[in-house]
Structure formats: C-alpha cells, structure tokens
Amino acid sequence: MFDTALTLADLGFLAKGAAMTLAVTAVSVLAGTVLGVVFGVIRNQAGPYWSMPITFLLDIFRSVPLLIQLVLGNALQSILKLGWAPFTTSCVVLSLYTAAYCTEIVRGGISAVPATTRRAARSLGMTWWQDMRYIVAPLATRVSLPAWIGLTLGVMKDSALVLWLGLIELLRASQILVTRLQEPLFILLICGAIYFIISFPIARLGGYLERRWSND
Amino acid sequence: MIEIENVRKSFGSLEVLKGINLTVQKGEVLTIIGGSGSGKSTLLTCINGLETIDGGRIVVDGTDVHAKATDLNKLRRKLGIVFQQFNAFPHLTVLENVMLAPVKVLGQSKAEAEAMAVKQLTHVGLGDKLKVYPNRMSGGQQQRMAIARALAMSPAYMLFDEVTSALDPQLVGEVLDTLRMLASEGMTMICVTHEMKFAREVSDRVAFFHKGVMAEIAPPEQLFGAPKDADLQTFLAATH
C-alpha cells in the first residue's frame, strides 16, 4: 500500500542531522543564556544610560534577520582570517542572537522582583551579591522561565538556517534525501516529527518546573 | 544608643528632614507620629543606611552610619527593620525565610539557625506555620513572620515602619500585640505608627514630626494630654 525508497541508513542520516541540530542549539542556548544573564544584570544595574552601548548592539542582533547575520558573520571571520569551522561560526552567531533575546528576558525577570523585597533582604545584612543569589535569582527565574523555554524552542528551529554555512543539520539532511529519493512529503513529515520529538520534552520540562515552583 | 545629630535629607528640591536631633537610649521605646510626608519613615531608612543623608550624622553604638569606612552590612545585623509591606521571600517557606539571613550573613549552622527560627516564630505565634509558604498566610501572619525574621538576627534595635498600615483592620491587633510583647521584654524600639492608642500605651517617649521637623517630643501622657505645638494639637484633633 505504501511504498518508500527510504532505508534504515537514510533514517540514520536524518538522526545524525538531528544530532547536529541538537549540538548547535545546546551550545548556542547555553552560551547565549550565560551572556544574556550577564548583560541582563548589567542592563538592570547600570540603568538605561550606561548600558546604551550593550542595548544598541543587542538591538542589532534582534532586528537583523538571522540568515543575514550568519552569512555576514561567516564573511567577517574569513576576512579576519580567524579560520573558524562552520560549526564554530554558527554557534558564535547563534549564541549572540540568543543572548540578545535572553538579555531582555533576564532584565524583565529581575525588574519583576519588587524593590521592597530586595530592600528587606539588604536590611537583614545581606550583601548585593547575596541578595542577587538567594532572592533575585530564584524569583526572576520563575518569572522568566516561560519566555526562556519559548526562546530555546525558537532557537532550535531557527538553527536550521546554519545549513547556509554548509552544516548538515536536520533540515539540510532532509533536503538531501528529498533530492535523492523524490519523496518530499514523506521525508518532510519525518523531519517535522523529529523536530517535535526534540521540542516536546523541553516544553514539558518548562511546564513541570512551573508547577513545581508555584508553591501550592 | 542611637544618636541622631542635625540630620538633613532631601529628595531633589524637596527637603524631607530639616535638621533632626534625637537620641534613643538602650531599652527605650520611642514612637514617631505625624502626617504623611512628615519625614518619619525616611528617618528610619536613614538610620540603617538604606538612604543616604545630606547633612548631620547618625551614630549607632559609636559607629557613624554614613561614614565611608562603615560596613553597612555588618551594622545592619544589629538594626532589625520591619516595613509596611510584608516583604516575605515568596519562594521560601516561613522557616526558610527566617533562617536565610542567620545562615548566609551570620554564618550560623543550619541546626543553630533552625533552632533560633523556631524559637522566634513560636514567640510571635507562628510555631505551627513553619513549613507553610508565605502566600498561604494572612497579612498579619506575614507581618509577624517578618518580625521573627528580623529578630532571628538578634538585633540590638528594632525599627518598625508603619507595620500595620497595610493590614486589614481586624489583623492590626495581632501585630500590635507582638510589638507590645517585644516592648515589655525590654527591646529597644523605634516605631513609626498611626496607631495613637498603641503609641500612648507602649512608648517611653513620643515624637511628633511635621514637615521634616521634630516639632515636639515628650512622654506620652504629656504629649497626648497637654500638647504644646499648634500643629500637634491640630493633628491630634484630626485623628480623634
């Protein structure tokens, strides 16, 4: 009834692509989040005037299409003779892209912690750092989590664009198979299903943490 | 002893403290009354260094609060303060709320801090709420938790900044009872309050602030019974 030329080896090829998607996403989200937290705290602490350079830079990463960033980033690294592999370039650009969004999420999370609560912490003799660590961080994380999960899922799908730098990730692997087997609908269906299988646990993890942290 | 000498403080062009002179002795209960905007709450936040001052000085047990060399985090250990808002740490249980600062700031062991926290929470009548999260409690209970949290640091002085102002009327009594208990135990307290009856009962002295000036200070019988300052007379007539 249903005939396909897709072999087990082809599925393995897709799985390798998915592994590449996961690797690029994991590195970028991790590095982007670390940078985002640092920039977010700076933006919050320094006020809008002093953090203007960071804000401006991050605005660029938020407004220019990711595809253009990847191509320009790749051109820049070759002009500067950095000799980066496509994987490195992809991760660097995608990390900055993630950081740009994450900074806003972190900034919003921190400002959601009431000033009076922080004042109470400082009144108990806590240092700025202790206040950040024990009061602000947990409360801001709870507020920011849904937006951060959304960002992670978004970055994973956007990471498909690194195929333009020659990386064979999930979407590119699917394209290659489509070209060879001429079964676009079936293969794209499988590709979409794999994206879903990767995304679903992340989305559920977010829901689980939200419930766990609701204190009820 | 808390010595306040000619303290001035402005927010922009608005001068909220116009040269306050006041000394609070160990074991004394001082209440500060006055209309809103009289500077009384600002004075409290200046005493523990949350606000800077523009003139004069505040000395707590020989330490100049606003001197550059002063370690404010260390000084604040001996100045407990409770605010109008309850300021519970919502992600921590009642017990954890009270234990946090003793463990992280004073370096107490968990067991030591827990014993102290249980003692203070029982003292304010929350011995059965240890594992509860603050958002499950009434405002009065949250405010008593905030008092226990401050007391767990074993402060030498307690500052209360309108601690009953954000409470439903039926919850005011339980918090005032807690303050009365502390006063009777000999805690040195400065209470900014709108509760005249409470001020009359517990205070050794009552200070009336008006437009950034301490217009009158006297024992409660005298201040409420025979007020000299004209603004105080108007204020008392309006609050009765």
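Backbone N, Cα and C atoms are what each Cβ position is placed from, and that goes for glycine too.
Per TrEMBL, domain 'ABC transmembrane type-1' is recorded for A:18-206.
Annotation source TrEMBL lists transmembrane segment at A:20-42 (among others). When Cβ-Cβ distances below 8 Å are used as the criterion, the transmembrane segment (A:20-42) is approached by residues 51, 54, 58, 87, 90-91, 94-107, 109-110, 132, 148, 151-152, 155-156, 159-160, 162, 167-171, 173, 198 of the same chain, each at least six residues removed from its ends.
Under the heading transmembrane segment, TrEMBL lists A:54-72 (among others). Residues 39, 42-43, 48, 89-90, 93-94, 96-97, 99-101, 103-104, 158, 161-162, 164-165 of the same chain lie 6 or more positions beyond the ends of the transmembrane segment (A:54-72) yet place their CB under 8 Å from a CB of it.
Per TrEMBL, the feature transmembrane segment maps to A:92-113 (among others).
Here TrEMBL flags A:134-155 (among others) as transmembrane segment.
Among the features that TrEMBL reports, transmembrane segment is placed at A:185-203 (among others). Counting residues 6+ beyond its ends, the transmembrane segment (A:185-203) has Cβ neighbours under 8 Å at 4, 6, 11, 14-15, 18, 21-22, 149, 152-153, 156-157, 170-171, 173-174, 177-178 in the same chain.
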| By a Cβ-Cβ criterion of under 8 Å, what residues six or more beyond either terminus of the transmembrane segment (A:92-113) are in contact with it? | 24, 27-29, 31-33, 35-37, 39-41, 43-44, 54, 58-62, 66, 69-70, 73, 77, 84, 135-136, 139-141, 143-144, 147-148, 151, 155, 158-159, 162
